[in-house]
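Colleague: This structure is in structure tokens; I'll ask about it shortly.
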Amino acid sequence: QTQLLGVLLAAASNFLISVSLNIQKHAHLRLACRAEPKACYRSKLWWSGTALLALGELGNSAAYGFAPLALVAVLGCVSVLGSAFISVLFLKKTVRAGDILGGALTVTGTYLLVTFSPNASQELTARQVQKYLVSWPFLIYLVLEMILFCILLYFYKRRAVKHIVVLLLMVALLASPTVICVKAVASMVALSAEGKMQLTYPIFYIMIVLMAASCAFQVKFLNRAMHLYPATAVVPVNFVFSTTSAILAGVIFYQEFQSAALLSVFMFLLGCLLSFLGVFVIARNQKEEHSQTPFIDCGRIPGQKMTGKIQPDSHSPCYGTLTNENSPVRSQS
């Protein structure tokens, strides 16, 4: 019953996240259609979406205290499925065959995940977390992760390699300590709420600091990937990499599959594969939206004959500068 509560909480929270993201997108579209532009933070609709997003993330974090880490991490596919459903229902997007196929794969994979998920112990105390931190499997796993992250960071910083795999692998490597810390903090808070005080142990606050630091760097590299590549490529690749990293963290740190039967492990992995395929199909089926509004309408600049670029290249060093026959004219943005 406790694990079922975690599953329902994770699914509902991820669906709430998809609702919040679509509300924010709808708010941006409404603001873009206004005659006078207005900042998004002045919109009540945008703030409603932000509040729902915070509530969904809080519920998703709380789910780690009731269900296995590997299961909660993979249930993030509900957010992608819910977003596609809401986009069709409320944003009037066209239903394609890929949406139906991706949804069917995701639902089937989610069913297998819930049915064959590991039955991990829910009594995760501060002393158990300390014991897991100094276990040999986790120490070896941590050293390998640090070496791989340093190699990727070297290529990113020194060799200027900005490939999507490099960026999202760094995000996934940071996701591993993040989910470990989130589950530890959520479990200790849940036990403290039941009367088994865990908040007096230093490990609780260490986990909070590590969780905040890893989340901050995750957001940094993920935003960089979103800036360089389309969302249709970033979303599925990031979901697969980060979820795989979270599953490995649950297997190695929390030993969630230690007593699981071979058939259960195989069916759980099959559910992961179907969920990954469903997310890929749904994300790949979406088209990137581009604004057709130019930066400058030359028809509104009387007496100037323009010879330069009307919409300059954003990668050019003279971005934002327009030239005419007599003198340079700076665009106001």
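In case you wondered, yes, glycine gets a Cβ from its N, Cα and C as well.
Feature annotation from TrEMBL assigns compositional bias 'Polar residues' to 321-333. The region 'Disordered' feature in TrEMBL is assigned to 307-333. What TrEMBL records for 6-24, 45-63, 69-91, 98-116, 136-156, 163-191, 203-222, 234-254, 260-283 is transmembrane segment.
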Colleague: Would the transmembrane segment (69-91) count as touching the transmembrane segment (136-156), if touching means at least three Cβ pairs under 8 Å and pairs must be 6 or more apart in sequence?
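Modeller: In this chain the transmembrane segment (69-91) does not contact the transmembrane segment (136-156) - fewer than 3 Cβ pairs sit under 8 Å.
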Colleague: Would you kindly list the residues that approach the transmembrane segment (98-116) from elsewhere in its chain, counting only those six or more residues past its ends and only Cβ-Cβ distances under 8 Å?
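Modeller: Counting only partners 6 or more residues beyond its ends, the transmembrane segment (98-116) has Cβ contacts under 8 Å with 7, 11, 71, 74-75, 77-78, 80-81, 84-85, 88, 263-265, 267-268, 270-282, 284-285.
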Colleague: With a cut-off of 8 Å between Cβ atoms, can you find at least three pairs linking the transmembrane segment (234-254) to the transmembrane segment (136-156)? Only pairs 6 or more residues apart in sequence count.
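Modeller: Counting Cβ pairs under 8 Å (6 or more apart in sequence), the transmembrane segment (234-254) reaches the transmembrane segment (136-156), since there are 3 or more.
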Colleague: May I ask for the residues of the chain that lie six or more residues beyond the transmembrane segment (136-156) and have a Cβ under 8 Å from a Cβ within it?
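Modeller: The answer is 162, 166-167, 169-170, 173-174, 176, 248, 252-253.
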Colleague: List, by number or range, the same-chain residues at least 6 past the transmembrane segment (6-24) whose CB is under 8 A from its CB atoms?
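Modeller: 40, 45-46, 48-53, 55-60, 62-68, 71-72, 75-83, 85-87, 90-91, 110, 114, 117.
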